[in-house]
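Participant: Let me begin by handing over the structure; questions about it come next.
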Amino acid sequence: MEKFPLKGNREIVAEGNSYITAYQSVLKKSNGHTVNNSDSQYQEHPLATSSGSTAVTTSLTTPDDDEMIDITPRSSPSEIHQHSTHFSSYSRGSTADNSDMERGRDFHGHHQSPQSQQPPQRTHPHVPTHSAFGDILDGGLSFYGSSEPHDDIPGIGQYDDFHTIDWQRDIARDRMRHRYIVKKRQDSLWDLVKGAHDAWSGWLCVLLVGIAAGCVAGMVDIGASWMSDLKHGICPLAFWFNREQCCWPTKQSVFDEGNCSTWKTWPQIFGLNREGTGAYIISYIWFILWALLFAALSASLVRMFAPYACGSGIPEIKTILSGFIIRGYLGKWTLLIKSVGLMLSVSAGLTLGKEGPMVHIASCIGNIFSHLFPKYGRNEAKKREILSAAAAAGVSVAFGAPIGGVLFSLEEVSYYFPLKTLWRSFFCALIAAFVLRSLTPFGNEHSVLFFVEYNQPWIFFELIPFVFLGIMGGVIGTLFIKANLWWCRFRKFSKLGQYPVMEVLVVTLVTGVICYPNPFTRMNMNELIYLLFSRCSPADVSNPLCDYTRINITYGATFTEVTQPGPGVYRSIGLLLLAFFLKLALTVFTFGMKVPAGLFIPSLLLGAIMGRIVGIAVEQFTYSYPNVWIFTGECVTGNNLITPGLYAMVGAAAVLGGVTRMTVSLVVIMFELTGGVGYIVPLMAAAMASKWVGDALGRQGIYDAHITLNGYPFLDSKEEFAHTTLAADVMQPKRNETLNVITQDSMTVDDIEMLLKETEHNGYPVVVSRENQYLVGFVLRRDLNLAIGNAKRFIDGINGQSVVLFTSVTPTQNLGPPPLKLKKILDMAPITVTDQTPMETVVDMFRKLGLRQTLVTHNGRLLGVITKKDVLRHVKQMDNEDPNTVLFN
């Protein structure tokens, strides 16, 4: 007991890189070694004399220290011996990483108190060591004979729901943990094994995420395909087969079902023929009934079990990866309901895709597996490295595009993307694509969604229509974003939002009624995109898009084959134009409903329709006027022919780029999606034109627009702050208002509880005194509540009159109740700026350092606080937008 103090009478203040040396001195002291005090309370550490190092001071035992009361729960001597000789770990029930559980928020969105969720837990004492972040690893996390940290107070240093994480603190915690593990590897073989496990745990985690993401994606693809075909008929010999599997021996076209005797349509089930008015009516009715059933199940599951499973999920994933906490959004129930609901909503025939939600599903898998590895599960900043890799795996399994998935995570989703995360994302996407390829959900030998079977080279003059498609894609994308935002805003602030299931059923009914008569809108959107991407061959007579008459014409000494469109082509163009406007309107009303819904496939479909029509027009123009100077000699040899399917590919990329504003990742996804590596230049030209036009008409893509609509505190690193304001203009409170602070040694427990009751700030600066408001540190509201509550439960004598101390100095006279020492929860190195710092610099600090707040000082005196919410409000005010749309801090 004498060698292992319980009350904090031996403290080491270690800042920055001096932690290891400070820790060694604690071990020596606890092992019975003495330290020469030399009549002074503080002894300078040898490292303090080295250049560039931070001063390290050791507070030795004083007679008054025995009167101090620490907030650590008391433990028996046996517990102390046990914890000093064995490895300890967190109390899992007390961490803030229960975001994989829905219990943090009920299904109505109400918050539950952390104290009401978890019973008080007794933990072991610690050697009170301090760093620049208060106690080791901040929030009372310390090491003594263990390679894993433990909680002195359950929940200290964690985050509440709808709060922003402190990137700098979490990264510093991980660095200190890593330094300790590296130091311990020299002690024993077991420590060496634990160090190796810590080193490769990240790779093991992303391996498991990739395998699980591939399996879930395969099941979703197979289930959605089977249920989509269930609306048209069934395979009596094996009802679990979809139409393609049931008719595999015949290999008929999607337009020709008559050659397949094994697949039975619903009229045939009821004893009617495939064709005829009665058969058409029965097919029509069953098509709508199955769609309503699937949509009702999807919306009901989302509403009852996982409200966060609706929508695409990418806006929220971007916000979470930027450092925001949304409990339950990446939980087990969300994963399950999102996967099942996605199959149901896609099968209902709604104008949505399953590719975007796959990013959300993969991120849920990443969050769940991260809890198997405390290095990631208990550190919010480190966890986001796994989530970034999981997002890459989501795109990889959605399209069969692993490289595009990595670039999508880098360009569009991730906020913090170090080089090691790039490697792990690549590995995770590779494993996910390999697992998906093993399951062969696409029903062919290719691992991509829309494999193109032509390699015809494109002609130089075709860059003109390609750029035109890019311009049209930017215009269509901007129109869609504005229309969808208008409808989502109307839904959010009207009574329509109170009836989500009814809205889904109405949209499903309208979709089924107007889409069934058109054969292009009746079929699955993936099949239609593949049809538009494909190239017509002379043997393909069942496809109305290939109704051509081929004629050989002589040009001098050369012969060329001219194709004249038949009536099927003209009829198909009319149906495609009708399908384009129907799908555009339906997508506006569908995206944002309370069902899992993505935008990739609808955007690709709109672009593919537009591109195919333009491609047919260019093809006929070149064959009708082969001697025009811009392509003289190109089209008369019979070797270089116009391919309308290529225009469909380029148009698909253009509209998707106009909607999402992606560039590099979009091009890579498209050529991986189709296998058309030779068409990178046309795709690049269309993507850039779409990006320029879209940015000229509207700054935000669809995901950023929905982040703004929902009021998430997302500080976009792509935008520049070009205003000339200062930190004093933004800080809270203003100069003529009172600043809520905590003094380091003159406030009682009642004073602090009254301050917590009267204010709603997430943290409070700690100053020397109210007269001399020189900054001492910063303490979080949540940590204060937990520390005071823990002290009242476990420590005798603590009451409302106990003085709360944030300093190591002991008061000379203590006639009242024992004081409460809370220095261990104090952040003694908060980020500060002066009142004259330009806001451009402050905004860059928030973006690049991931700050939660910064303190504003003048000549060393505290003036105010700037939080991330204040920065977002200020940016919106300077941009003449409503600052009240930022909902959370």
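Here the Cβ of each residue, glycine as well, is placed from N, Cα and C on the backbone.
Straight out of TrEMBL:
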type	residues	note
COMPBIAS	31-43	compositional bias 'Polar residues'
COMPBIAS	47-62	compositional bias 'Low complexity'
COMPBIAS	73-98	compositional bias 'Polar residues'
COMPBIAS	100-109	compositional bias 'Basic and acidic residues'
COMPBIAS	112-121	compositional bias 'Low complexity'
DOMAIN	826-883	domain 'CBS'
REGION	31-131	region 'Disordered'
TRANSMEM	200-220	transmembrane segment
TRANSMEM	281-302	transmembrane segment
TRANSMEM	335-353	transmembrane segment
TRANSMEM	386-410	transmembrane segment
TRANSMEM	422-439	transmembrane segment
TRANSMEM	459-481	transmembrane segment
TRANSMEM	501-520	transmembrane segment
TRANSMEM	569-592	transmembrane segment
TRANSMEM	599-621	transmembrane segment
TRANSMEM	641-659	transmembrane segment
TRANSMEM	666-689	transmembrane segment
Participant: For the transmembrane segment (599-621) and the transmembrane segment (641-659), decide whether they are in contact, meaning at least 3 CB pairs lie under 8 A, counting pairs 6 or more apart in sequence.
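Facilitator: Taking Cβ pairs at least 6 residues apart, the transmembrane segment (641-659) and the transmembrane segment (599-621) are in contact, with 3 or more under 8 Å.
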Participant: Under an 8 Å Cβ to Cβ limit, what residues of the same chain, 6 or more beyond the ends of the transmembrane segment (335-353), are close to it?
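Facilitator: Result: 216, 219-220, 223-224, 227-228, 230-231, 287, 290-292, 294-295, 297-298, 301-302, 305-306, 309, 313, 360-361, 364-365, 368, 507-508, 511-512, 515, 525, 583, 586-587, 590-591, 595-602, 604.
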Participant: Can at least 3 Cβ pairs under 8 A be found between the transmembrane segment (501-520) and the transmembrane segment (422-439), with each pair 6 or more apart in sequence?
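Facilitator: Contact between the transmembrane segment (501-520) and the transmembrane segment (422-439): absent.
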Participant: Quick check on the domain 'CBS' (826-883): DSSP residue counts for helix, strand, coil, in that order please.
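Facilitator: Going through the domain 'CBS' (826-883) residue by residue, I get 23 helix, 18 strand, 17 coil.
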Participant: Near the transmembrane segment (666-689), which same-chain residues lie under 8 Å Cβ to Cβ, leaving out any that are not at least 6 residues past its ends?
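Facilitator: Tertiary neighbours of the transmembrane segment (666-689) are 395, 399-405, 407-408, 446, 448-452, 455, 457-458, 462-463, 466-467, 469-471, 473-474, 533, 646, 649-654, 656-657, 660.
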Participant: Among 200-220, 281-302, 386-410, 641-659, which stretch has the highest count of C-beta pairs below 8 Å with the transmembrane segment (422-439)?
Facilitator: 386-410
Participant: Can you tell me which recorded stretch out of 200-220, 281-302, 459-481, 641-659 has the most Cβ pairs within less than 8 Å of the transmembrane segment (386-410)?
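Facilitator: Against the transmembrane segment (386-410), the leading stretch is 200-220.
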Participant: Could you tell me what the rest of the chain brings near the transmembrane segment (281-302), counting residues at least six beyond its ends with Cβ under 8 Å?
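Facilitator: Residues 227, 230-232, 265-267, 270, 272, 309-310, 337, 340-342, 344-345, 347-350, 500-501, 504-505, 508-509, 511-513, 516, 522, 593-596 contact the transmembrane segment (281-302) from elsewhere in the chain.
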Participant: When you scan the chain for residues with a C-beta under 8 Å from the transmembrane segment (200-220), skipping those not six or more beyond its ends, what do you find?
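Facilitator: Distant Cβ neighbours of the transmembrane segment (200-220) are 335, 339, 342-343, 354, 358, 361-362, 365-366, 369-370, 372-373, 375-376, 385-386, 389-390, 393-394, 396-398, 420, 424-425, 427-436, 438-439, 441.
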Participant: Taking a Cβ cut-off under 8 Å, which residues six or more beyond the ends of the transmembrane segment (459-481) line up next to it in the same chain?
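Facilitator: Distal contacts: 584, 587-588, 603, 606-607, 610-611, 614-615, 618, 630-631, 634-635, 640, 642, 647, 650-651, 653-661, 681-682, 685-694, 696-698, 700-702, 705.
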Participant: Can you tell me which parts of the same chain pack against the transmembrane segment (641-659), counting only residues 6+ beyond its ends and a CB-CB cutoff under 8 A?
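Facilitator: Long-range Cβ neighbours of the transmembrane segment (641-659): 452, 454, 456, 458-459, 462, 465-466, 469-470, 472-478, 480-481, 529, 532-536, 599-600, 603-612, 614-616, 618-619, 622-623, 635, 666-667, 670, 674, 676, 679, 682-683, 686-687, 689-691, 693-694, 701-702.
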Participant: Would you mind giving the whole-number mean pLDDT across the domain 'CBS' (826-883)?
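Facilitator: 88, rounded to a whole number.
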